[in-house]
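A.B. asks: According to TrEMBL:
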type: REGION; residues: 1-36; note: region 'Disordered'
type: TRANSMEM; residues: 123-141; note: transmembrane segment
type: TRANSMEM; residues: 153-176; note: transmembrane segment
type: TRANSMEM; residues: 203-224; note: transmembrane segment
type: TRANSMEM; residues: 236-255; note: transmembrane segment
type: TRANSMEM; residues: 292-310; note: transmembrane segment
type: TRANSMEM; residues: 317-336; note: transmembrane segment
type: TRANSMEM; residues: 348-372; note: transmembrane segment
type: TRANSMEM; residues: 447-466; note: transmembrane segment
type: TRANSMEM; residues: 472-491; note: transmembrane segment
type: TRANSMEM; residues: 503-522; note: transmembrane segment
type: TRANSMEM; residues: 542-565; note: transmembrane segment
Amino acid sequence: MSLHSVTTDQPEKRSTLSPSQSPHSDSERAINTGGRVERIKRKITTRHGWLGDYDYVWLCMPSLPWRRGGRRTKTGPPFYALDSELPLVLAAASGLQHALAMLAGLITPPIIFASALNLDSELSAYMISASLIGCGILSLVQMSRLHLFGGYYLGTGLISVVGTSFATLSTANAIFNAMYADGTCPSTTAADGTVTRGPCPDAYGKVLGTSLICAFLEIFMSFIPARALKRIFPPMVTGTVIVMIGASLIGSSGMPNWGGGSSCMSRPTSGFFQLCPNISAPRPLLWGSPEFIGLGFLSFVSIILTELFGSPFLKNISIIVGLAVGCIVAGAVGYIDGSSIKTAPAITFLWVHTFKIGVYPPAILPMLAVYVSLAMEAIGDVTASAEVSRVAVVGEEFDSRIQGGVLSDGIGGFLSALFTVTPLSIFAQNNGVIAITRCANRTAGRFCCLFLILFGILGKISGVFLAIPNPVLGGVTTFLFATVATSGIRVLSYNRFTRRDRFVLAAAMSFGVGDLLVPTIFTHLFDGVKHPNKGLQGLFDSITIVLSTPFLVSGLVALVLNLILPQDDMDDDDDDVVEVVDDVEAHPHSKEKAAV
């Protein structure tokens, strides 16, 4: 990330008042109120207030990749800063782009949670609606930047939208597996050894309750100076965590859904999941059938074609385009079950359905680690949002934005549990929308929140999302999770990759990639302990969940090694040694010439 692309010195204009002047006099208040009313009137009654000077043709014009090398005749649209005057149409259009850009990321976790716990379509649709409404409300808080006391704030003051964390998704899957294994959730075993999981809404309630109490860790972390947090969690640690989150989700969710669904991935010879998505589906097939692979590939290719030929507007919502194309084809050939749309209510809101809140002791330790990773994500995402919004990325103001973002993340985790939504984190993909549209104005962000809340309230929309066939969802989410891993690689690129850096990364990846390839390696770690009491067994289960979750164990190794390995002078000379060796290999006869 380049620091030269932003302004670090932003002095504010200050007026000097004489002792007799009052900054809050009645006349000034009347003038301010009158001016505010006049601005609002001008905005809603004039063409400039509605449309402004923005180039809407550019926003909707398809791109021709083979003409990119030609001479450009038009410049891009103007840049709209955080609090500049924004035309109403542009505010709504940019807000809609932000909402659609993050939509796939918001609906994916609740769909996967519901599928993992075998919940009915009515409850699953509610979870999608609750996620959309909760993210809309808490995104408004994250954008607010409310001054609390001293130098502390709530929110970033940027277009920092929040969504259901993929880190929670990865960890919750391990927690659900533990709950089914220890009998907390019901399951049946067929004669051929196939295990069928029963519905377990209480497991979701226990994840919410555990998340609620663990959120206080991130709230506490927000009061640690931002510079100290960045020293504890440098790019080496945060990048490793983000890479492993994306990679693990591709393997545990993206590709299994692409093949037809995780429930039928083992190809059982009997039972409800003998075919994918189940034997009662309109056109069930075996997992990995060419029809499923082709359907997911169509969605994947649609994303690529949108990036090649789409307008800036479509490029911002390429994930939604992939879902739409896949669903149109799937519906035409009969793969879509419309029952979820019929059963979904027309209007819904939070707490229409509730879950029995509880605490699952083995999940406490992993969930604490999740909140640490959410704080790490927040630091990186706030930095990226500040850079693309053209505000300072160094100094006290920037540090206060990080502090406010981490605090809002922690409070959001607490409130989201009360909203029946799993922990939230700042979504980084919306920075791409800001970069393309050149609109960093918070008014656009507020429109985005309104659209998200509206999508959640309209219950039929959740029913439509729930009807998306698994292969279509898999093809799209595989790409989505790969972008998460790519973001982690970008964060890792900020390192110099000295010998020390390579050593830390190699050690962390040893555990993380090992977990990905052999996910059951730590499952039997404590089998030799005979008759442990309930508390000890809970501790064993917690350790097993942490060790079996790739991003948790790799992040832990990277964190510890980064703290204990010294920064010595040899690191500075490491790259120079490599350059000398390369020069000798490139010019093998240079020594002979020198000798002559």
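Here the Cβ of each residue, glycine as well, is placed from N, Cα and C on the backbone.
Model, not experiment: these values are computed from the prediction.
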A.B. asks: Quick check: do the transmembrane segment (236-255) and the transmembrane segment (317-336) share at least 3 Cβ pairs under 8 Å, counting only pairs 6+ apart in sequence?
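C.D. replies: Judged by the Cβ rule, the two regions do not touch, with the required three close pairs absent.
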A.B. asks: Check the transmembrane segment (317-336) against the transmembrane segment (203-224) for contact, please; criterion is three or more CB pairs under 8 Å, pairs 6 or more apart in sequence.
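C.D. replies: Answer no, regions not in contact.
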A.B. asks: Count, for each of 123-141, 153-176, 203-224, 348-372, the Cβ pairs lying under 8 Å from the transmembrane segment (447-466), and report the range with the highest count.
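C.D. replies: The stretch with the most close Cβ contacts to the transmembrane segment (447-466) is 123-141.
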A.B. asks: Should anything in the same chain at least six residues away from the transmembrane segment (123-141) have a Cβ under 8 Å from its Cβ atoms, list it; otherwise answer none.
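C.D. replies: For the transmembrane segment (123-141), the list is 102, 106-107, 109-111, 113-115, 154-155, 160-164, 201, 204, 340, 343-344, 348-350, 352-353, 408, 411-412, 415-416, 419-421, 424, 445-446, 448-453, 455-457, 459, 461-463, 465-466.
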